[in-house]
Structure formats: C-alpha cells, structure tokens
Amino acid sequence: MLPDNRMSTPIARCSFCQDHWFGVVRTNEFRNVSVRHSVNKCNFRRSSNVYVIPNSSSLRPRASGPPPFNPLQYQSYSVPSLNWRNKGVRKLEGYMYKKPETVQRGKPAEFSESTVASLFSEHAGLPPRPRRIILVRHGESLGNVDESAYTRIPDSKICLTEKGWKQAVKCGKDIRELIEGDQSDDWKAYFYVSPYKRTLQTLRGIGMAFERERIAGVREEPRLREQDFGNFQDRERMRVEKAIRLRYGRFFYRFPNGESAADVYDRITGFRETLRADIDVGRFQRPESRSKNMNLVIVSHGLTLRVFLMRWYKWTVEQFEGLYNFGNTEMLVMELGPGGRYSLTMHHSADELRAFGMTDDMIEDQE
C-alpha cells in the first residue's frame, strides 16, 4: 500500500527488502531516502543507509503512483549508527550518486577504500569515541547473603550490605586509578546505571572517588535492570526453578511470571543501539570541549552484563552459557583499540578472560 500523501511526498523503496515505501527528505540539490522502518516489517533495519537521488522532476511522484526505483543506479554508503537527522550525513551528499550509464546491470555499486577514507576525511566533525567502557556489577546485596530476602522485599528494593558499600567505595577508587593511568588532564566519566536500589547505592559509593567536574553525566537506564525472576520469590520454589533451568538451558529458560536471558537480550539490544547512537553524536561531551579521554561506566547486574557482552561481540548462545557470573563490584574493561574496536584484551590478560569463561576462540577474536 502506498501512503495517502504520495502526491506531495516523494517516496522510494527500502534498499534492503525492496518491499516497503518510505518518505523522502528534500534538500537543495538532493533527496535523501532514509530506509528506517520497523523490524516487524524488515529484518534489515538500518537507519543509517541512505540513497541520494538527483533532484529531477522526472523522479517526482505522479498521480499514477511512485516512479520506478532501481537501486543499481545509485551509490549507497552505510555510515555506522548515523541517520539522516545528523549533519554529518548531509555532508556526504553528492558522493553517493552514480550516473545510470556508468552502472553495469546486475553488479552492485562499490566504494573503494580510498573513497571511503575521503568520505570520512570530509566528515571530520565526528566526535571522538570514549577511550573505554567499564562494566561493573553491584556490590554485595542483602539478597546475596540471604536468599529469603526476596520473599519479603521486591527485587528492585534489595539494598547493599555494609560489606557491599565498602566494595562500592573501593571500586570507585580502582576506576579512578585506572583512568588516571592515562596521565591525561581532561578525562571525565559518564555513568549508566540500573534503577535498582543496590545498583544506585553502588554508583553512589563509586561516585565518592570523583569530583563533580570529573562526572560528565549520569543516566538511569531501566533496560539495564536485573533479569526478572517474578514478583515475590518463594525460596524453595526458586531452587527448583533454577535446577530446571540448568537442564533446559540458561539462555532460553523463562521463569514463571519472569524473564529468560533471551528476553533480557532483546532489551539490551535496544540499549546497545541507544549507546552507539550516544557515542556517534557525542552526547557525553559538549562540542567545544570534546576529548578522547571520556570513559563510560555501566553499573548493572551479573546476567545483564554478560548479555550485554554477548550482544556487543555477537557471541553465540553456547558461548554465553559458558560464561561465569561477575563477582560483586568486579569490573570488565572494554578498551578502544588502534583499529577503533573495543577489546577486552587491551586491559585483561588471556588467563583472566579464561577465568571468566571465554574460550580461546573468543579471546583470539578480541585481538
């Protein structure tokens, strides 16, 4: 079905599935077609792929329907995690159009490495990526020492023990020591935190090691919450459910009235896309004071952080099920490598990663 406003709004097909129609954004010389749509309609959802079409009256929609759209006539280039709203995409206009007579039918349009490099050199306004992403599990909580607490206290309101608070304070000092090892004067930290009480308390303990001017911001992120095991949890019933989970599979087993790790994976996927967008637009720093020494700290829960790593590095279900849980206030550091990729081997040794449950293949992929 075509949109009702096809007479006034240029339209074109999705560059992946060739099945859905989308609105076009007009500029002075080009029309950008943003292939951004619901994952329910197309499995190749990418908001960053853009086709640039010359502003020709022959391509304007007519009453009989939209003009024919042949993707082979246009160069397309995917800028990771950028969409048409960003000024940077508009700077790439004009480089993507390829004259129809120069296109060989049946052969996809290609970009050479030199062309890609020139595109990025033209787009020098991209903010620097954070130096590292630090994953931290909350400190020792009442539920870690007394499982019966879950029968009378909502999971979201379980607080830290005295030991857990001391762990959080020490963790903050360790994070600061790690960052100051870069010997840079302009470093800052930006925090994402689960809304659960134990993670918020852990963040407060960590924050005691930082002056206010060193904290770029704090965002409470509900998608980082713990796996939902149900409401008030019967102690004996939970032991039975966890035993069944081992037989069924830790990733796919869903607790009654709760979530499976696969459910957590779905919401972490959404958070990852938000995080990557925040990185790409430089949300953590003001344009006039951008620095390469920004550090992101994510304070969350054991399973949630393992699922985050699984999603980020595209690990399989089998690889996920081989991972061990984080210890209380244990850190895992994803550091930016020379190739622009975040790696665990930049900070951790191979033995440390094996102790976490990573296989040699997973470790090799980090290098």
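The backbone N, Cα and C atoms fix where each Cβ goes, and this holds for glycine too.
For His138, the entry in TrEMBL reads active site, tele-phosphohistidine intermediate. Taken residue by residue with DSSP, His138 (active site, tele-phosphohistidine intermediate) is part of neither helix nor strand, so it is coil.
For the recorded site, Glu226 (active site, proton donor/acceptor), the DSSP three-state label reads coil. Around the Cβ of Glu226 (active site, proton donor/acceptor), the same chain contributes Asp155, Ser194, Tyr196, Ser300, His301, Leu303, Thr304, each under 8 angstroms and 6 or more positions distant in sequence. Positions annotated as active site, proton donor/acceptor by TrEMBL: Glu226.
Within 10 Å of the C-beta of Arg198 (substrate binding site) there are 29 other C-beta atoms, taking all protein chains into account. Taken from TrEMBL, the feature substrate binding site applies to Arg137, His138, Gly139, Glu140, Ser141, Leu142, Gly143, Asn144, Arg198.
The binding-site residues examined here are Gly139, Gly143; by Cβ neighbour count within 10 Å, the least packed of them is Gly143. Binding residues for substrate (Arg137, His138, Gly139, Glu140, Ser141, Leu142, Gly143, Asn144, Arg198) extend across at most 15 Å, taking the greatest CA-CA distance. When the neighbouring Cβ atoms lying within 10 Å are counted for each of the recorded positions (Arg137, His138), the highest count belongs to His138.
The Cβ of Ser141 (substrate binding site) lies under 8 Å from the Cβ of Ile158, Cys159, Leu160, Thr161, Gly164, Arg198, Asn328, each on the same chain and at least six residues away in sequence. In three-state terms derived from DSSP, Gly143 (substrate binding site) belongs to a helical segment.
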